[in-house]
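What TrEMBL lists as transmembrane segment is B:6-27, B:34-52, B:103-120, B:126-145, B:157-176, B:231-256, B:268-288, B:295-312, B:324-344, B:365-387, B:399-422, B:443-473 (among others). Per TrEMBL, domain 'NADH:quinone oxidoreductase/Mrp antiporter transmembrane' is recorded for B:120-415.
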Amino acid sequence: MNLLFSISSVIAIVSTLMVITRKHPVHALLYLIVSFLAIAVVIYQLGAPFIAILELIIYAGAIMVLFIFTMMLLNLGKETIDQERKWLQPQTWTGPVLLSLILLVELIYLLSKSSSQEHAITGMDTKIVAQTLFGPYLILVELAALLLTAGIVGAAHIGQHKRRVSHRFLEEYNE
Amino acid sequence: MTVSDLNALMPLTIIAVASVVIMLLIAFKLNHKIIQAICALSFIVSLVSLSNRPSYLSNSLHQLFIIDGFSIFVLALILFSGLVINVFSYIYFEEKEENPKEYYILLLLCTLGAEVLVISNHFFPLFIGLEILSIGLYVLIAYLRTRNFAIEAGIKYLMLAAFSSAFLLFGMALIYTDTGTMQFNLIADHLNKLGMPSIIFLVGFGLMLIAIGFKLALVPFHMWTADVYQGAPLPVTAFIATVSKAAMFTVLIHFFNTIGSNRFQISTLIITLIAIASMLIGNLLALNQQNLKRLLAYSSIAHLGYLLFAFLSSNKLGIEAVSFYLFAYFITTLGAFGVVTILSSKEQDADHIDNYRGLFWHSPIAAIVMTIALLSLAGIPLTAGFIGKFYILSAGIDAHLWMLAIVLVLSSVIGLFYYLRIITTMFSKGDKHIIKENLLHPAYYILSASTLLFLTICMIWFGIYPIQIILFIRSVLN
């Protein structure tokens, strides 16, 4: 258990270091995904499978996809396809794949072990999480909703484009 | 949730509902005037709703929130300050290039975040309140997004606040690892049982102190202050200087007093050092500033140092001194920023000291209000600032904190220099000032001016007869 924990922690640290040293954003993102996977494995080992899955679904899934979509939208054009082919060298993807493979092996080992011995993971299923969130901490869930409101209103304001209204005689800016 | 719970959370509910209502009104394309009025109304209603003080909180709410006299007092100050800032906002934003409407939603949400901070008794509401406040502030600071300084200030605040949130979270996690609870009073129980805190706890405590120090702009963590103050729109600067700091200071007091931080010598020592450094460095950095916003930023660092001194005396007088000083600091800071707001023009904030050369000969009332506000910040007798400082000094001497008392006196002397420099500039002859062509909104101009006069009268009145407010604070605190 301890060894597995150390391995996945080391992978998390290494891949995060790789994230901040990569020059190309997509390469950095690959490592970032590995880092999330490693953290998810760590959390799983600590006995919180639900949080581990959330980490995967929300961070490695939704947020990463958003990142990648944004970058794809930014790089439109014909030459980008050639560029992408050029970028997809083995040296860019072997690192993340190797690290993820280690994590996969670890995960398979963990799953097989816990099914045979049935010791490690107890509690913390969805029901308990839901009961806690909508029981004593209900007010905090509501506050979190307002937190998101602040974020959305803010993003809407900062991202707003000024529409330019042209006229033969006068030019003015409207919002 | 019982009825008394709903009553207790009424000030928060009103502000939250108002933010949603304003969002709907914007969808119906109502104009700036109505939105500003509804925002003001919600602050007033929320302020009034504070008067029925809850007698009892149900168990689930009691875990998360603490609504004692001090938090009610700070809530009232925050809502009052929100109201005043809202009044100044109209003339400031109506003339600006950006659409001002979303500003009011964010102002309300930031106020909500501050309110949650003030009453939190648990790490969860503390963190969520802090994040609501911070996320609102990122946008508010960069609100006039076409201006260079605004974006710079917004990004700077975003990076540093996110970083400090990480410190806070890690500190909380370490404390939770050690004690197994996130509720302030249960942490205190755990410590009482244990006697000596473990090293994990102390590290967590230190990390939390860093995050709190960042929000309060205390000295080793003060780098962002001047740039953010300068880049933010004036009403937002006033908001950061008053509401955001008071909310975080209340958290500091609640958390540290509940767990009894003065029993660890190391934490007392560190806070003492931070207080001394904030008082001295804040005032020293302000000495040579030509920009009024930056000057007020550095002076606010020093003022937070004074408040920390009152907090360190940790007796009954200490908390009274903190309350009074917060009150005096609020009305004074709002007054000073109010004058700058009124003098600002469409293109430019009146934040350079040259804008004030000979101000007295052009608009004597603004100059007099500014003079009184600056004298109150400096702590000259007959102003509220003096009584506040006196209160802090007496609380500190009561607790035998001689070293800090000496530093406070010394740094006040340094502070006097730069406040007086602005005052002499205003009374000297000269003609370099921003000329306002015509008053675009006379009614709102008069409203803002009368709010300023009200603040000024408060500054002088409570400087001469402080007993009323002192008695009021005592009655609220008990």
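Positions of Cβ are set from backbone N, Cα and C atoms, glycine also.
Sequence-remote contacts of a segment are chain residues at least 6 beyond its ends whose Cβ falls under 8 Å from one of its Cβ atoms, and for the transmembrane segment (B:34-52) they are 7, 10-11, 14-15, 17-18, 21-22, 25-26, 72, 75-76, 79-80, 82-83, 86-87, 89-90, 101, 104, 107-108, 111.
Annotation: stretch B:126-145 has the most Cβ pairs under 8 Å to the transmembrane segment (B:157-176), among B:103-120, B:126-145, B:231-256, B:365-387, B:399-422. Tertiary neighbourhood of the transmembrane segment (B:126-145): same-chain residues 96-98, 103, 106-107, 109-110, 112-117, 120, 151, 153-155, 157-158, 161-162, 165, 168-169, 172, 215, 228, 231-233, 236, 239-240, 244, 247-248, 251, 255, selected by CB-CB distance under 8 Å and a gap of 6+ residues from either end.
Among residues of the same chain six or more beyond the transmembrane segment (B:268-288), those with a C-beta under 8 A of the stretch's C-beta atoms are 206, 209, 213, 218-220, 222, 226, 261-262, 294-295, 298-306, 308-309, 311-312, 401, 403-404, 407-408, 410-412, 414-415, 417-418.
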